[in-house]
Amino acid sequence: MHRNLGDKDLNLPQYYNNRELSWLDFNYRVLQEAQDKNNPLLEQLNFISIFSSNLDEFFMVRVAGLQDQVKMGYDKPENKAQLTPKQQLVQIKLKNKEIVDLQYKRYNELIDDLKQYQVEIIKPEQLPDDLLPQLESEFKYGILPTLTPLGIDAYHPFPKLNNKSLNIFVDIDTEDDINSAIVQIPSLISRFYSFNKGDKQYIILIEDIITYFINDLFSGYTVLNTFTFRITRNADLTIHEDGAEDLLIEIERFLKERKRGTAVRLEVDGRQATHEDIVWIINQLDVHDNDVYFVDGPLDLTMLTDLVDHLSNKLKYLKYNKYVPQIPQSLGNHNIFDLSLKRDIFFHHPYESFEPIVDFIREAAEDPNTIAIKQTLYRVSKDSPIINSLKNAAENGKQVTVLVELKARFDEENNVHWARMLEEAGCHVIYGMTHLKTHSKIALVVKRMNNKLTSFIHLGTGNYNDKTANIYTDMGLITTNAEIAEDAINFFNYLSGYSVKPEYNKLIVAPFDIRDVFLARIDNEIKSHRENGNGKIIMKMNSLTDKDIILKLFEASCAGVKVQLIIRGICCLKPGVPGISENIEVVSIVGRFLEHSRIYHFHNNGDDIIYLSSADAMTRNMIKRVEILFPVEDKNIAKRLLDYMNLQLSDNQKGRYQDELGQYHYIENNLSPLNSQAFLMKEAMDYGQQLKEDNTRPQVMSVNERKGWFTKIRKQFRK
C-alpha cells in the first residue's frame, strides 16, 4: 500500500507509531495513575496490578507472535513505522525494561507509605517473636501439604512449569555435587498471609514463607541459595476451525495446549539470583537473554488486587469513594419497553446503571407476550444474570438464539461453559463464525403486541457483562425503529445460517462495510470543508491502527479538516506533523474507569452524522471481526454525545495529548481543573438525587383530577 498526496509521501515511517511501542506507551499511562498522588493510596496499588496484568497479556499474545515470526525467518517490516519483528522485539525490551523499573520503584515507595497506616509487608525473620508460632503453624498445616519439591537430575528432567506460575529455584549441596530443585507455588492458595499484633498488621508473601522454611522440604541437605522466578508462555496459538467437527471440543483442546506454550518471558527476582543459575534456567527454558527481566521486588504484582481487597475494610478511606451507577437520564422512572415504543433510550455506563439492560432481558424472558430473544455474547460475568434470563426464557417456551463467541481471548473456557449450559436449557446456540470473531453487541426481543409482532433492539459499544459495566465506560441504545428492527433480524439470520451478506437499511456491519463507510464519510468531510470551510471530525475509540483510515485522516488534515481523536490506547498516527497531520489532535484519557466506548462524529456542514460502534478503527475490527456501526438519529442523544466528547477534550486532569514525536504529556492549561469522569459521576448523581426528590414530593392534583378522584370514591360507596 503506497499513498502520495501531491508531492507528499504519506507512507514515510516518521509519520507513524509502531503498534507495540504505542501499546507500551498506553501501559505507561496506566502506571502514571499509580504515580498520581491525587489517587487514593490503595487505588495507586491497584493501578500497579492493572499494569502487570496488561503486560502479561501483551507478552502472551503480542510478543509471542513476534517471536514466532522471528523463528520462522519472517523479516518483513510492518506497514506503518516499518520495523521488522526483530527490531520490534529489541525496542520492546528497551522500553519495557525502563517502564518496569519505574513500576517497581513506585511499588517500593507505596509499600513504604503503607507503614504509616500500621501495615507492613515484611520478611518472616522480621516478624515479632511471639507471632512466629502462628507463622510456623500456617506453613506446616496450610502450605507444606500443597508443595512438591521437584529435583532435577538425569532421572528427573526440568519440569514443564505452568504459564504465569510462581516458582522457587533451590540450589542444594548434596555433598558429592550441587544439584537444583524447583518448588512450584500452587496458584490456588493465598499469595500472602496476614499476622496482627495490636494495631499493627504484618503481611508476608508466600514465597518468603516457603523460603524461610525451605530446609523442611529438603531434610538432610544443605540449601545454598534460593530465588523466585516466573514464566510467561505463548498464548497466541491457532484454533484449527476448518477441520473441527465440533468447535467446543476444539476449543477445549486449544485451552490445554495454551497452558503449555513455549516460554516467551522469564522474570526473576534479581535480589538473590546468581548468574550461573540464571544461565542454567535460560538453557532449560530455551529463552533468549532478551526475554529475561530482573526486578527489584516480588514477582507478579497482579497480586496487589487481592492485597487491596484484603486491606479495604481496615483502610477503606484509602480507596475511591464508592460510586453507585444512577438511573439513566433517558429512562427516568419509565418502563423500558413502554418508553422505547415512543422514542430511543440512551445509556451511558458506568455513570448510569447497567441494571436496566439486565432487566430488559429478564422482563422479556418472563413476559408471556415475548415470542423470541436473540443476542450476541462476547464476554459475560462468572455468574451472569443475563445468562440466567436467557435460560429461563428458553425454559418458558420462547425461541432463544444466542451467539456465544468461543474465540473471545482468555474467556474461551468461561464461554464454553455458558454455551453448554444454554444448550441444555433449550437455547439455540451459535458458536461464532469461521475465521471471524463476533464482537458486535446486539440483543433483539420480539413481542406480540396488539395482534402484531414488535421488535425491541439493544445496540451497544460494550459487553453484556454486569461486572465490567461498573468499571468500563460504554454506551448503548434501545430502539424500536422499524428499519433497524429489519436489519437486526437480517443480521441474526446471517449469523445463524449460510446466508450471504444481507442488505441493511441503517446498520453498517464489518467485515463488509465499516471501513468503506469511514473512508466515504471522511471524503465527504473533505469535500464539505472545501465548499464550506467548516470540516470537522471527532472520533473516540480504544485504538487506531488501520492504515487505510490513517491515510484518509492525513488527507483530511492536509485539506484543512479539523480532526480530534480521543484514543485511550494504541494510536499508530502521529498528530501535529507539519504538512501531514498538523490539523489532527490526539488525546488519551486514563482514569478511574476504563474508557471503552466508540463514537464517530462527522460535522457534515452542520447536519451532524454520529455513530456508535462495537468497533475500533483497527484492521482486525475491519476485516477479522463481525462488528456493528449504528447511527444515532435522535437529536437529543446526539447532542449528549457531542457534549461528552467536547468534555473529554477539555479534561486537564486525566487527559494527555500526543505530540508530533509520538510522546504523551499531561494537558496543562490555566483553565479550572476538569476531570471528565468525576464530572459525569457528579452529573449522574445530581440527576439521581433530583429524581428521588421528585418521586417523594407530594403531587398536587388539578381540579379535573380531583373531580375524577371524588367520582371514584362515590362509586366505591355505592357498591
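Cβ from N, Cα, C; glycine included.
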Return the residue out of H458, H596 that Swiss-Prot annotates for the same ATP site as N54, Y472, R568.
H596
Determine, for the ATP site, the additional residues of the same chain whose CB lies within 8 Å of the mean position of the CB atoms of N54, Y472, R568, H596; present them in sequence order.
N542, G569, L594, E595
How many angstrom lie between the most widely spaced Cα atoms of the ATP binders N54, Y472, R568, H596?
15
Fewest Cβ neighbours within 10 Å, where candidates are the recorded positions R379, H439:
R379
Which chain-mates of Y472 (ATP binding site) that are at least 6 residues away have a CB under 8 A from its CB, listed by sequence?
H349, P350, G462, N463, F593, L594, H596
What are the non-local neighbours of R409 (Mg(2+) binding site), defined as same-chain residues 6+ apart in sequence with CB under 8 A from its CB?
V61, A235
C-alpha spacing of R568 (ATP binding site) relative to H439 (active site, phosphohistidine intermediate), in angstrom:
19
Is it possible to get the count of other C-beta atoms within 10 angstroms of the C-beta of R568 (ATP binding site)?
23
For the C-alpha pair, I'd like the distance in angstrom between R568 (ATP binding site) and R379 (Mg(2+) binding site), rounded off.
20
